[in-house]
């Protein structure tokens, strides 16, 4: 239906806008629109909710058509008469629209050009669609019928029409909903198998066993790392689907440490909530704009509006640089404590400041092995810093505009960045050019996250959609719509099956990646959600917001017994339970500190961070 070819790359501006030439009589636009409005408002309830989805895209296209053809007074009158009928979640778009009153305004507005070129997607049942088609053809309301065919993509499904509530849950993005086809590709959401190697027993473990000279008890075999993912996960990608770096000896040691910590991990649940430790940045030099914490919780980094990146040690162990080359040559390479000897004690301090960016730093990310740090900035670059020397190693230039977020792959080596240029880029630390460019969002890419298996990347955008991209070939494999404002946080569940997203609309939405469906909505925050994090075993989801609260949600209950029958999957008819209150386990207020980052330690203590704001 009305599904012409969508041109992907930026077409010639005048060609795009000239599509508005086939205009009708400008004085009749209000009549056309109000005629359709009366028809829809008088139709049966079951069709009314579905057909009401047409109001917004038709309103925008008819308005732009009038402006483009220089009927300025008609455009103004049309806008004033009908803009109040649009759903509240389009307020921001309408504000932009109301400022486009002349033909030349349209040429410079990328968002509006995108609106013109991408077809607005509506999902409508066959019955409602037939009703609409009959009405428009009987009325010979060709102007509206032309717009429907030219600029809308109507995804028709067989079966019951959707309710207002079902539609409201899924709409609100800049380009309507996702076509059902967009979420059909197979996604390997399972986890990769952990490499196996023996874990040496601690000395203390040994001594404990051997008091009073008793013969040693055999320790239960817990000797190979990651015993939980020994078996190949049937939903996992092939182990070598994308090349991942080899494990170094130091990585193996870290995995052993991680296991020992995990053995002491607190099992969380509704009856056992985590303690929360809050790091407040006071007098934050010109404003804190980004935070990250290492996986082992030993270091914290802040990115600031004054272009600096500041790294702190949060353990008694101070940060030290490696000695100068001349001194290194004197060290006995064979000594047991060589790693200790190469460090320069004179450089020890709790805080290191990294200078180099020339604009606010919006994203920071530690490498899993804690040797490197990434930062991205308004200056259009991503920088890679050494945590051995606390110097900048590389500046990656690709985005010519502000870069809003960056993150290392869970396996290191690869990293992702997203920015104002509306694309996300995949990089490898040893390449100057990006390896993949993920293009498709209609507005800034505001946040980027790797899937735990590193084969996929999720991006959130100011176009109010979340996309999942395949690292192997750069394809978009999921488009999630439902947020009513720009997305600012993303978190994958530890098992790789689910994604949680947070936006300026104060809602956390939950998605089943395999089925490509929204499976939950957590309501409670009253402002933008900047941070989301699952506990280590996925029992609890923590969310942090501009409303100065951290909230804890019961993730087990949120995801249990989901109905993902074939009908739901085929039609996207989701019935979201109104159960936010049952799932909310706790709300924790800060004095006056918006929460910008959350992190669960390896033992499930929750760390939160933000900058105190005095207003």
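Cβ atoms here come from the backbone N, Cα and C positions, even for glycine.
As annotated by TrEMBL, domain 'TFIID subunit TAF5 NTD2' applies to 24-152. Sorting the domain 'TFIID subunit TAF5 NTD2' (24-152) by DSSP state (H, G, I as helix; E, B as strand; all else coil) yields 102 helix, 7 strand, 20 coil.
The annotation compositional bias 'Acidic residues' is assigned in TrEMBL to 199-210.
If you look up TrEMBL, you'll see 199-251 marked as region 'Disordered'.
The compositional bias 'Basic and acidic residues' feature in TrEMBL is assigned to 222-233.
Residues 254, 257-258, 261, 328, 342-345, 347-366, 368, 370, 373, 375, 377, 379, 385, 387-390, 596-597, 599, 601-602, 605, 607, 609-612 of the same chain, all 6+ positions outside the repeat 'WD' (281-322), place their C-beta atoms under 8 angstroms from a C-beta of that stretch. For 281-322 (among others), the entry in TrEMBL reads repeat 'WD'.
Annotation source TrEMBL lists repeat 'WD' at 354-389 (among others). Long-range Cβ contacts of the repeat 'WD' (354-389) within its own chain (Cβ-Cβ under 8 Å, at least 6 residues beyond either end) map to 248, 250-251, 254, 287, 289-296, 298-299, 301-311, 319, 321-322, 395-408, 410-412, 415, 417, 419, 427, 429.
For the repeat 'WD' (396-427), the predicted model reports an average pLDDT of 95. The annotation repeat 'WD' is assigned in TrEMBL to 396-427 (among others).
Across the repeat 'WD' (438-479), DSSP classifies residues as 0 helix, 24 strand, 18 coil. Residues annotated as repeat 'WD' in TrEMBL: 438-479 (among others).
Taken from TrEMBL, the feature repeat 'WD' covers 480-513 (among others). Using a Cβ-Cβ cut-off under 8 Å and counting only residues 6 or more beyond its ends in the same chain, the repeat 'WD' (480-513) has close neighbours at 89, 92, 169-173, 176-178, 183, 187, 189-191, 235, 443-444, 446-453, 458-462, 464-468, 519-534, 536-538, 541, 543, 545, 547, 553, 555, 558-559, 562, 564.
Among the features that TrEMBL reports, repeat 'WD' is placed at 522-554 (among others). Sequence-distant contacts of the repeat 'WD' (522-554), counting only residues of its own chain at least 6 positions beyond either end whose CB sits under 8 Å from a CB of the stretch, comprise 262, 265, 267-270, 273-274, 276, 278, 485, 488-495, 500-504, 506-510, 580, 582-600, 602, 604, 606, 608, 610.
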